[in-house]
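K.L.:
To start, I am sharing the structure in question, which I have written as structure tokens.
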Amino acid sequence: MGKEVFSDVLLSVSLFLLNPLLIIALIVAVLLGYFRVKRERRSFRVRMLPGLTELRRIISESWLHAIVLSILISGIGLVVDAGWLVLFCILSILALLTFNYKLTSPVYFATIAFFSLYAINYFAKDFGFRGWEVAAIDFFGELTITISVITGMLLVAEGLLIYKYGHRDNSSHLIQTKRGLQAGVFKAKRLWLLPVLFLVPGEMIGTYLPYWPQFTVGESAFTFVPVPLVIGFSQIARASFPENVFPQIGRAIAFIGVVVIAAGVAAMWMPVLGWAALLAGVAGRMIVSVVASIRERRGGYVLAPQSKGVVIAGVIPDSPGEKMGLLPGERIQSVNGLPVHNEKELYDAIQVNAAHCRLQVVDKDGEVRLMQQVVYRHDHHRLGILVVQ
């Protein structure tokens with residue numbers, strides 16, 4: 001029996017790892033890093049972070065959220081339909097393949113999957129597949145409540161991820177303004193993978209894996225199904241710094257999630273509120289994204305060339321610039337006592353005393369501070385500072 005249990009567990013893990021959504025998400029994470037590095041090299045001739053950074057972060061930043069979601073969904077007993085889960089995964093794959101990560105919010109997948117099932121039930125009531133029948137779904141009953149509550153939870157998780165990680169290590173690159181000048185923008189393009197356990201009625205896995213965890217309530221059987229959920233975030237900040245705008249977006253999304261959860265719970269007494277919760281979640285998520293984009297487009301550029309000094313567009317990790325605490329948006333007025341106005345003057349001034357650099361820096365609040373750093377042979381020749389010129 002022990003060998004059979006181990007064999008079932010090993011097979012189930014293999015099935016999870018071979019899930020097309022998981023494989024595509026990992027490939028897309030690698031491509032995200034590849035295109036980011038190309039964009040940074042095109043602007044600054046050097047990359048800020050290694051190309052596999054996105055792949056390393058895809059689960060490392062979201063595993064705790066996945067565990068909490070699994071515990072809540074399983075603990076509360078939120079049962080989802082197998083057909084809805086399959087459509088959810090298919091929509092996630094299609095969104096990933098577009099590379100437009102404004103579309104990879106789980107609220108879109110959950111809502112479209114729900115109403116797609118309703119459309120199938122309306123136009124093809126006899127449709128079924130291997131024992132699953134769309135006619136058996138009660139669209140004004142338990143499914144409406146569970147889908148809206150789970151969607152709200154996923155929105156809260158999305159908001160918390162954006163709030164905590166959306167502004168970290170954003171990629172800077174240069175663009176040409178309408179006046180023909182160069183300016184810097186911050187581009188966040190993040191992808192998170194959340195392995196979450198869902199409760200599905202019936203023996204979706206137990207039929208093939210007898211020892212897979214499942215339980216019965218009365219005459220009904222339920223199975224735990226592991227599914228890799230994908231959450232994406234894409235936003236450009238040019239009129240504000242990422243740490244000022246992205247956490248606000250995260251808070252707004254999390255608040256929408258709480259509202260959707262509340263409406264989903266209220267659907268226990270008025271089922272139509274579950275439908276309204278899903279539609280409100282989609283509308284709210286779209287409004288947050290559109291409003292944030294409009295505000296950034298209407299404003300100026302926080303990373304724009306200045307007449308006095310050079311503006312920092314980014315700082316390479318583990319470089320002398322990072323050790324000095326330099327931040328994007330700050331302005332370097334002089335290096336080793338020499339005023340600088342462009343990248344060449346910055347490099348020439350560093351060479352005056354390449355072993356020990358002294359910088360006069362104006363921070364975002366306009367305060368001047370003096371900084372110094374010992375530079376070693378292996379350090380970046382421009383102190384790891386990327387500038388707008």
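Every residue, even glycine, has its Cβ placed from backbone N, Cα and C.
Look at TrEMBL and you will find 287-365 tagged as domain 'PDZ'. Taken from TrEMBL, the feature transmembrane segment covers 15-37, 58-76, 82-99, 106-124, 144-163, 191-211, 217-237, 249-269, 275-294.
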K.L.:
Any contact between the transmembrane segment (15-37) and the transmembrane segment (217-237), i.e. 3 or more CB pairs below 8 Å with pairs at least 6 residues apart?
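P.N.:
Yes, these stretches are in contact.
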K.L.:
Any residues 6+ beyond the ends of the transmembrane segment (275-294) with a Cβ under 8 Å from its own?
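P.N.:
Contacts with the transmembrane segment (275-294): 102, 105, 107-108, 110-111, 114-115, 144, 147-148, 151-152, 155, 235-236, 245, 248-249, 252-253, 256-257, 259-260, 263-264, 267.
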K.L.:
Express the predicted model's confidence over the domain 'PDZ' (287-365) as a mean pLDDT, rounded to an integer.
P.N.:
87
K.L.:
Do any residues of this chain, six or more beyond the ends of the transmembrane segment (82-99), have a C-beta under 8 angstroms from a C-beta of it, and if so which?
P.N.:
19-21, 24-25, 28, 31, 108-110, 112-114, 116-117, 129, 132, 134, 137, 143, 147, 198, 200-202, 204, 225, 227, 229-230, 232
